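TrEMBL annotations:
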{"type": "DOMAIN", "residues": "59-482", "note": "domain 'Cation/H+ exchanger transmembrane'"}
{"type": "DOMAIN", "residues": "541-672", "note": "domain 'Cation/H(+) antiporter central'"}
{"type": "DOMAIN", "residues": "676-833", "note": "domain 'Cation/H(+) antiporter C-terminal'"}
{"type": "TRANSMEM", "residues": "46-65", "note": "transmembrane segment"}
{"type": "TRANSMEM", "residues": "77-96", "note": "transmembrane segment"}
{"type": "TRANSMEM", "residues": "125-147", "note": "transmembrane segment"}
{"type": "TRANSMEM", "residues": "159-182", "note": "transmembrane segment"}
{"type": "TRANSMEM", "residues": "202-224", "note": "transmembrane segment"}
{"type": "TRANSMEM", "residues": "244-267", "note": "transmembrane segment"}
{"type": "TRANSMEM", "residues": "282-301", "note": "transmembrane segment"}
{"type": "TRANSMEM", "residues": "322-340", "note": "transmembrane segment"}
{"type": "TRANSMEM", "residues": "371-390", "note": "transmembrane segment"}
{"type": "TRANSMEM", "residues": "402-421", "note": "transmembrane segment"}
{"type": "TRANSMEM", "residues": "464-486", "note": "transmembrane segment"}
Amino acid sequence: MDFRGPEPAYLYNDGSRYTEDNPMICFKSLSIPSNGMWQGDDLLKYSFPLFLAQIILVVLVIRVLMFVLRPLRQPRVVPEILCGLLLGPSGLGRIIGDYTNFYNGKDVVEKGRVFWFTMFPDSSITVFETLSYIGIIYYTFLVGLEVDLRMFKRTGRKAAMIALTSIAVPFLIAFSVSNGIGNITTKPHKMHRKVISKVHRVAQPLFLAISMALTDFPVVASILTENKLINGEIGRVAMSSSIIIDTAMWVALAGAIPLSDISYIYVNLPGDDPDLKTAKAAPLYIFISSIVFLAFSFLVVRPVIIRLMKKKPEGESFKQSHIYLVLVAVLAFALVTEMIGAHAVFGSLVLGLIIPSGTLATTLIDSFDDFVSGILVPMFYVISGLRTNIPTLFNHADDYKALIFVIIGTFGAKAVSAFVISMFSKMQPNDGITLGLLLNSKGLMQVLVLNIARDLEVLDQRSFSIMVFASLLMTSIISPLVNFIYMSARGFTRNKYNTFDVLWKSSTELRIVACLHTQRQAPGIINLVEIVKPSKDTPMSIYAFNLVELTGRASAMLIVNSASNSNRTHAQSEQINTAFKNYEKKHHSVLTETITTISPYDTMHEDICKLADEKRSTFIILPFHKQQAIDGTMEIINPAHRNINQNVLVNSPCTTGILVDRGLGASGSESAVQHIALLFFGGSDDREALSFVRRISHKQNIRLDILRIFTADNLEEPTGEDQPLTIFTHKEKEKQIDDDYVSRFRKSTESIESITYNEMAIANIEEMTIAIRSMESNSGLFVVGRRPNVSSSLTVALAEWSEFPELGLVGDLLASSDFKTTMSVLIVQQFAGNIGRQTGSAWERLLACTTIASSNLSPPAVARRCGRETLPFCMSM
């Protein structure tokens with residue numbers, strides 16, 4: 001049974017009083033585990049099964065909310081805060097019904113908030129809250145690991161100015177309002193001593209300013225990544241500014257807690273208490289001991305950790321004993337700061353900061369971030385939600401006008417100040433607006449600050465509820481607004497030279513986006529680039545795009561802004577960069593640039609297509625999701641790489657090629673003769689492949705064999721009275737275009753002896769296989785179009801054996817392990833905007849739509865690309 005009152009609790013000389021903020025709770029002492037439901041036990045009356053049920057409920061509610069809010073691109077913190085509000089007195093906690101309570105030594109059925117008292121009874125809160133704070137301790141430790149202290153030395157003037165302004169504005173507004181009206185959140189209690197009022201007039205605006213100035217950088221990273229902005233200037237500035245702000249606010253909070261303790265001491269100790277004199281000096285002791293703790297951590301513990309890490313052999317992973325030691329050290333550091341009077345989270349944060357970025361930090365984050373963020377941290381949001389009662393705020397809105405003004409004024413002032421500085425820094429207006437919004441992102445750090453303020457009685461219950469609700473509201477509107485701002489700018493620009501066909505007729509610089517998942521793919525792609533380069537003096541730009549999966553952690557998102565040499569991703573990027581820079585040194589007309597993108601695999605194709613569009617590229621090179629093993633077979637690297645290729649083929653703004661590498665990069669000398677074999681069936685992709693080899697036909701070290709294949713039943717297309725004429729007309733038109741292309745090519749290369757051209761008619765797959773075998777060599781490259789213009793009967797036969805539709809029917813055959821060959825294969829697709837716009841047969845359009853159907857496009861988007869008559873086939877694949 002608990003005793004609750006409507007007003008905040010203050011203990012004075014004349015006695016004490018138990019209230020809503022300071023309850024006394026009595027509950028029946030039961031065993032932790034139950035005897036099971038078959039013996040009649042009510043499982044929710046026992047600590048252990050109740051605790052398990054609470055965790056399951058919290059995780060399920062968060063997952064459901066994440067699914068519901070996914071279209072709004074909300075960061076994870078929004079459904080987590082909503083979960084706490086939903087399970088607390090603002091949501092399901094308001095349900096009234098009968099429940100069993102313990103009163104005067106026996107169970108009594110009472111009427112009240114049945115869900116709250118059943119799932120979150122007062123007797124369970126202590127255990128639940130304790131474990132949630134364990135989660136907060138480890139979370140702040142992980143946050144410290146994610147911050148590279150060396151980044152502050154590299155922070156640009158722009159980010160530093162924006163950060164300083166975002167810090168100064170909340171403090172200026174909060175203290176101005178406090179000086180004007182006194183207590184911001186509630187009317188001063190008539191029994192407050194003068195010293196209490198004075199301290200409150202400093203502590204209260206200080207906590208409010210800290211909470212409003214805080215910019216939760218994991219939330220900022222999540223919003224930036226969701227809206228594909230993490231790799232741009234706005235991403236670098238926003239992340240740098242938010243980390244500076246958060247670090248400064250942690251320092252400010254370290255000073256705010258001892259200052260607030262003065263007020264707490266005066267309120268909770270009678271004037272004649274003998275401990276009062278000692279307690280008055282406690283804040284000074286806290287401050288001094290905190291400085292000593294920080295000095296010891298950075299000057300003694302950090303050098304020891306660095307020395308121990310250097311002794312570990314390179315390439316050797318850390319032992320489990322090392323990981324356990326660090327986890328215990330987190331609790332030890334938290335205990336020390338709790339003992340000296342600072343909050344326990346300071347100890348864990350400091351330990352995270354003093355551990356250098358590297359394999360140890362990466363191992364710790366990879367090992368425990370999912371459990372901490374997915375299980376323990378949501379429990380803290382639930383505790384905060386149980387403390388928040390939003391419906392009661394509407395009855396006392398007049399008492400909190402000043403607080404609401406501080407919240408709205410700070411939000412607007414931070415946004416405007418960031419926008420103004422960004423304009424002076426010559427950023428784009430939409431980047432300035434976005435930056436102002438992002439710096440108002442709130443998350444776990446602000447909720448933690450608000451809980452500390454509430455525990456120290458700096459904020460009352462209603463003020464706490466207003467601040468939590470404001471955090472939710474501010475953060476929830478930011479991502480949709482950012483998405484809206486950049487939505488209109490996401491269309492691809494019109495790149496005049498987006499195909500080899502167009503580039504054939506000009507001497508424009510060739511620009512290639514070469515995508516790589518690992519350093520092992522670099523030699524093959526570089527050798528392909530060397531093949532594509534027509535001459536020594538022809539200008540060419542290569543953008544090596546290192547593709548790194550985003551694991552959903554802020555640490556992964558921060559890699560793009562960090563230059564930590566010990567980071568695995570950075571090391572791989574450096575290896576790729578070195579390989580392309582070495583190639584650049586050999587060819588003065590070639591410029592290379594290595595870029596690393598860190599994105600979820602589901603949306604990584606957007607980064608690739610966006611880069612190709614921004615760089616006005618003609619060609620995107622994608623590595624096949626299989627690589628050659630030692631025994632010559634093809635083994636899968638990562639199945640997700642295949643989905644990336646499929647999505648790029650659908651959305652690419654230029655010509656795209658998938659490289660099946662069987663040792664293309666293993667050739668010794670650049671002067672060695674390269675054998676290129678082109679299979680020409682006809683169609684837009686085959687014509688683009690012909691334009692591709694046309695560009696390299698004059699190179700002395702290229703031996704080019706071209707085989708044009710005719711199918712015996714090209715003009716046959718059964719069923720329907722009107723269809724034969726339509727199909728015949730289309731095929732004749734396509735054949736005429738093919739003839740013109742081939743004729744022009746042969747005329748322009750007739751004097752080149754290293755080029756051979758042959759034609760062959762085939763009737764079935766066996767004859768096609770024989771034709772292809774006739775062009776084989778021990779090494780070299782097959783070049784084929786992805787969507788060849790072949791007959792329906794041959795299409796059906798090949799489709800039965802097709803394993804990877806993104807390679808096309810012929811490309812899939814050449815890449816198959818059953819087709820024994822040592823030659824690499826390049827599958828070429830012309831600008832993807834042309835997919836499905838041909839007027840060929842239903843089978844041909846179905847083949848063209850295979851990749852589209854396997855992508856993540858919506859049915860209307862598929863309909864636009866495939867055509868209405870093909871949509872049922874596409875969506876059923």
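Backbone N, Cα and C define each Cβ position, glycine as well.
TrEMBL annotations: computationally assigned, not manually curated.
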Do you know the mean pLDDT across the domain 'Cation/H(+) antiporter central' (541-672)?
78
Could you give the residue numbers and ranges of same-chain residues that sit at least 6 residues beyond the transmembrane segment (202-224) on either side and whose C-beta is under 8 angstroms from one of its C-beta atoms?
73, 75-77, 143, 146, 166-167, 169-171, 173-175, 177-178, 183-185, 230, 234-235, 238-239, 241-243, 245-246, 248-249, 252-253, 256, 259-260, 262-263, 403, 406-407, 410-411, 414, 438-446, 449-450, 452-453, 456, 458-459, 467, 475, 478-479, 482, 553-554, 557-558
Would you call the transmembrane segment (402-421) and the transmembrane segment (125-147) in contact, using three or more Cβ pairs under 8 Å, pairs 6 or more apart in sequence?
no
Which of 46-65, 159-182, 371-390, 464-486 shares the most C-beta pairs under 8 angstroms with the transmembrane segment (77-96)?
371-390
Using a Cβ cut-off under 8 Å, which residues of the same chain at least 6 positions beyond either end of the transmembrane segment (282-301) come close to it?
254-255, 257-259, 261-262, 265, 333, 336-337, 340-342, 346-347, 350-351, 354
Using a cut-off of under 8 Å between C-beta atoms, tell me which stretch among 46-65, 125-147, 159-182, 371-390, 464-486 contacts the transmembrane segment (322-340) the most.
125-147
Below 8 Å between Cβ atoms, which of the listed ranges 46-65, 159-182, 371-390, 464-486 makes the most pairs with the transmembrane segment (125-147)?
371-390
Take the transmembrane segment (46-65) and find every residue of the same chain, 6 or more past its ends, with a Cβ under 8 Å from one of its Cβ atoms.
30-34, 79-80, 82-83, 86-87, 119-121, 123-124, 127-128, 374-375, 378-379, 382
